[in-house]
Amino acid sequence: WIMGHMVNAIYQIDEFVNLGANSIETDVSFDDNANPEYTYHGIPCDCGRSCLKWENYNDFLKGLRSATTPGNSKYQSKLILVVFDLKTGSLYDNQASEAGKKLAKNLLKHYWNNGNNGGGAYIVLSIPDLNHYPLIKGFTDTLKQEGHPELLEKVGYDFSGNDAVGDVAKAYKKAGVSGHVWQSDGITNCLLRGLTRVKEAVANRDSGNGYINKVYYWTVDKRATTRDALDAGVDGVMTNYPDVIADVMNEAAYKNKVRLATYEDSPWVTFKK
């Protein structure tokens, strides 16, 4: 999965997919009442990027729905996965469950079209704080209460705080999650970060009894870093330059080893070599 980083304006969906991304990451900010409000990152952000692009969250969802609904004039068949980077740092811990409920209602209405031929991409809810694990239950309970438990088949989870792998496993246990787990590791492109924890996550994924299904590394903008990440066995790389990642995947060392994921590749099933 080539994951376009910080895609917060509707026009950027096409821009990143046309550069080679089959997945995008979108920031979600919340108001004081835990309503998802804007697709907005803010300052500071990655070097070389504008931090200030935004849409109202519900408007973005409608644009995303158009891009991921077969038959729509705006349909992008390559776009199969969307990571919502949930900026829950602005919320009190006791608002996490409420944020999950409201997120579920927004997605159900504006993205999934109340279960009636809505957007078809897989969704990953990425949460920065392990203490906010109740967001997951708020989300899953709400979809069930609204009569759409089948949509949970399209939803996965990520804790993005670079916490110890064992601590992340405990948070999932508390949240009642087993499966559909992506594990992120990374840092802004302005700084360097080694691959120690990525390798630990990959080992958990491949152990047969770990909690992780897929591992992604962020933010990867350079060819050398891309090669290191692919060599470490990641499933996804998040990038500001999808074309750079696509180029590396076409190099002789990689073109027979890795390929771009398609809709038929489940993002919840651990790939067995």
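Cβ atoms are placed via backbone N, Cα and C, with glycine included.
Annotated features in Swiss-Prot:
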- His5: active site (ACT_SITE)
- Glu25, Asp27, Asp85: Mg(2+) binding site (BINDING)
- His41: active site, nucleophile (ACT_SITE)
- Cys45-Cys51: disulfide bond (DISULFID)
- Cys47-Cys190: disulfide bond (DISULFID)
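Annotated features taken from Swiss-Prot, shown on the structure.
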residue: His5; record: active site; DSSP (3 states): coil
residue: Glu25; record: Mg(2+) binding site; DSSP (3 states): strand
residue: His41; record: active site, nucleophile; DSSP (3 states): coil
residue: Cys47; record: disulfide bond; DSSP (3 states): coil
residue: Asp85; record: Mg(2+) binding site; DSSP (3 states): strand
residue: Cys190; record: disulfide bond; DSSP (3 states): coil
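Rounded to a whole number, the C-alpha distance linking Cys47 (disulfide bond) with Asp85 (Mg(2+) binding site) is 18 angstrom. The disulfide-bonded residues Cys45, Cys51, Cys190 differ in how many other CB atoms lie within 10 Å of their CB, and the one with the most is Cys45. His41 (active site, nucleophile) sits 6 Å from Asp27 (Mg(2+) binding site), taking the CA atoms of both as reference points.
Cα-Cα distance from Cys51 (disulfide bond) to Asp27 (Mg(2+) binding site): 11 Å (rounded to the nearest whole number). Using CA atoms as reference points, the recorded positions His5, Cys45, Cys190 were checked against Asp27 (Mg(2+) binding site), and the closest is His5. Within 10 Å of the Cα of Cys190 (disulfide bond), not one of the recorded positions from the list His5, Glu25, Asp85 places its own Cα. A count of other CB atoms within 10 A of each Cβ picks out Glu25 as the most crowded of the recorded positions Glu25, Cys47. In the structure as shown, the Cβ atom of His41 (active site, nucleophile) sits within 10 Å of 23 other Cβ atoms.
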